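Over in TrEMBL, the protein carries these features:
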type	residues	note
TRANSMEM	B:21-45	transmembrane segment
DOMAIN	B:25-231	domain 'MacB-like periplasmic core'
TRANSMEM	B:262-285	transmembrane segment
DOMAIN	B:271-392	domain 'ABC3 transporter permease C-terminal'
TRANSMEM	B:321-347	transmembrane segment
TRANSMEM	B:367-387	transmembrane segment
Amino acid sequence: MIKHIFILTWNKRKQHIFLIIELFFFFLAISFLVFISISSKLASGPKNFNIDNVVDIQIPYQADSTIKLLRESVMQMTEVSGASFSNTGPSIGYFDAVDVIWNGKNIEIYRSFSDEYLKDLVSLKLREGKWFDNTSINASKKLIVINGILQEKFFPNGNAVGKTLTTSLDKYLIIGVIEDLNDDAGKSTTVNGSFYEFSPKVSYAHLLVKLKVPLNEKIYKQLQRKQKEYGGSYEYSEIISIAQYRESREKQNSSFFSFILLISSFLIVNIVLGLYSILYQTINRRKSEIGIRRAAGATSGAIYKQIIFEVLCLTTFALIFGVAVGYQFLLFNTLQGEPADYVISMVVAALFIYLLVTLCALYPAYLAAKIHPADALHDE
Amino acid sequence: MLRNYIKIAFKVMLRQKFFTGVSLFGISFTIMIFSITTVIFDLGYGDNAPAVNRSRTLYLDGISMESPTVPYARVNIGDDFYKKLRDSRDVENICIYKAGNIRSFKNGKVIIFNVSYTDEELWHIYNYTFLEGRPYNKRDIITGKRYAVISESTKKYYFGNGSAIGKYIGDEKKFQIIGVVKNKVILYANGPEVANILIPYSISTTSYASSNPAIILAKSNKVIPDIKDELVRMTKRIDQYKSLKDIRIRLSGGTVFEMRDFGYAILGLSIFLFFIVVIPALNLIGLNVNRISERSSEIGIRKAFGASSSVLAGQFIIENIIITFIGGILGVILTFVVSSALVRMIFYNSPESADGVYSALISWKSVLYSILSALFFGLVSGVIPAWRMSRLHAIKALKGGSAS
């Protein structure tokens with residue numbers, strides 16, 4: 001039967017050419033939308049950090065000594081419970097990409113710098129080993145704390161503490177492992193893995209300050225004065241609560257996803273209505289054909305099946321071309337993503353389209369199955 | 001004749017209400033997305049208020065030099081340099097400015113307003129609409145008055161709905177407000193367009209002393225390359241660099257088309273619009289083919305009475321254009337409805353700078369785009385079905401055959 005339907009549909013390809021082309025483009029569009037949604041997926045799982053009442057004081061490049069004074073001066077404020085230098089922070093984003101040399105291969109991961117206070121300031125969760133402390137500065141080697149992702153990647157069975165990690169820049173001693181942050185702003189660190197390097201001398205970009213109360217105008221003014229005094233005057237150094245970073249990121253994400261949603265629902269509604277009305281009209285036109293088949297003994301179930309199979313057959317024609325084009329994208333990695341993402345998005349889009357066309361065909365097929373042979377043949 | 005076609009078109013549309021509805025939905029939403037996309041593109045590259053001369057404006061961020069003996073350095077171009085450039089026959093006007101910012105802390109959030117310190121030529125190059133007060137003039141600049149002209153949304157943020165004239169703004173150093181200008185949606189702003197607050201150039205305290213950006217208004221967009229050459233020549237003539245050999249001068253900045261990679265943007269826009277339009281268009285073609293083939297007996301009779309194929313094709317195309325035109329008008333209304341939500345989406349990061357511009361996506365330009373695209377859409381989606389049907393043989397059509 002399937003072979004017959006295939007031939008039947010193939011013979012009518014000219015009549016259905018617009019539907020096929022439409023489904024082809026629809027497949028490409030939906031695959032693309034699925035692709036960008038999954039390749040920009042957000043970190044899921046629990047947030048292994050806490051940024052309540054943490055404020056970011058941005059600092060320009062400065063000599064080490066003055067910077068240290070900024071921290072001491074901020075710590076003297078009664079509202080401040082902690083302060084830590086880092087070149088980034090949870091919810092802020094921005095990481096250094098470095099290449100780790102592992103089994104002769106270069107693997108890209110991310111690096112950030114921190115001092116000994118960051119862990120307690122933003123409540124990072126330690127999995128094993130320890131965080132930097134005041135003896136770290138005297139260590140003979142460069143110390144790092146890696147995240148859970150990196151541990152699972154490089155040391156799947158066993159302890160990472162005490163081992164060495166070699167990057168294209170340096171050799172590092174691993175002293176601890178923290179749980180991955182699951183930070184939306186640092187999606188790539190969740191995918192690729194990252195580590196914190198202890199660095200007392202590097203030019204930091206941020207002083208993260210933990211307050212006992214939410215940031216208010218009085219504290220803001222005080223911090224601003226201290227920033228100017230020790231951080232030098234630079235037009236574009238801000239003092240922003242980290243919650244504000246997070247808010248703007250969330251807005252950006254929701255605005256991006258509502259755009260995707262808008263475009264895909266527009267395309268889907270178009271396809272559904274178009275497909276439905278074209279099928280509906282086609283059934284009307286084929287009344288006599290169906291009548292003859294019924295008269296010759298076909299059950300209404302058989303007619304039902306025939307209509308649905310025909311539609312699926314048409315869809316398959318469109319998808320064959322679609323997958324062929326999608327494969328070209330994968331081959332040349334035009335969209336710069338993981339190969340798996342291409343495959344997943346094409347499979348998802350294909351399944352979705354099959355489901356959609358089946359749903360669209362249900363009612364027209366029902367109408368066709370209901371056709372009474374006598375009525376249909378009478379018309380003829 | 002045309003009246004008859006219109007009558008028939010309406011009759012047919014009313015007879016097949018469901019399919020008319022489907023077509024109108026597809027058309028109106030397509031037109032909406034089409035017109036919004038083109039308007040956004042136009043906001044990025046077109047001449048829209050206040051930047052009414054964008055296409056012939058050269059945004060110069062600075063000049064740098066390099067030679068075998070002297071390493072890379074920024075050229076310190078001062079006011080004298082620009083004074084000389086003003087004499088060039090290709091240059092119509094120059095506005096010197098510096099960028100800065102003013103912060104404000106309110107409700108736990110830091111809002112950063114962009115500031116431009118400009119000279120008085122700004123008011124000649126740009127076209128700002130003043131809601132209150134006046135611009136600063138040459139005398140204010142020479143005497144170093146601490147004046148500020150702010151945008152409508154900035155006023156709303158600081159002072160609410162009342163008048164702002166005479167009030168003060170700023171974090172440490174205060175500026176007196178002498179004017180309020182109307183907000184406009186500006187995407188990919190360059191130069192002083194970015195600013196929410198405009199302040200006389202002479203009192204700028206910005207730390208970027210070595211960079212002297214300016215916007216140079218050319219007499220026409222064709223002479224912009226000449227102006228660039230002139231800038232390079234003038235830099236080479238500066239006393240400091242006269243004696244250097246093999247000196248390489250680099251201008252940073254350019255026209256809006258150069259800075260925002262116009263070709264790439266056009267490519268992206270075309271691909272996006274293609275996908276947005278092609279699916280509904282194919283949909284409409286499919287619907288039309290079916291709809292017209294239902295009328296095959298009508299076609300047969302008209303053919304039997306001597307109507308030629310081209311007359312029939314013309315009729316179907318006109319019918320289709322009528323329906324897309326109605327869809328186009330619905331699309332304009334839809335654009336208007338979603339416009340404010342869309343501007344909110346574009347300005348997700350600084351809603352305070354979008355106050356007062358929420359309906360800006362609807363303009364005469366966007367209505368024009370919508371109607372034109374609707375007509376084009378109608379033509380494209382009508383031609384193939386009409387051509388197919390008009391080929392139909394009279395006898396076959398009378399018998400009730402289809403066009404395939």
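From the backbone N, Cα and C atoms, a Cβ is placed for every residue, glycine too.
Within the chain carrying the transmembrane segment (B:21-45), a Cβ under 8 angstroms from the stretch's Cβ atoms is held by residues 54, 185-188, 256-257, 260, 262, 265, 269, 272-273, 276-277, 280-281, 283-284, 287, 323-324, 326-328, 330-332, 334-335, 338-339, 342, 346, 361, 363, 365-367, 369-370, 373-374, 377-378, all 6 or more beyond its ends. Per-residue confidence over the domain 'ABC3 transporter permease C-terminal' (B:271-392) averages out at a pLDDT of 79. Across the domain 'ABC3 transporter permease C-terminal' (B:271-392), DSSP helix (H, G, I), strand (E, B) and coil residues number 101 helix, 0 strand, 21 coil.
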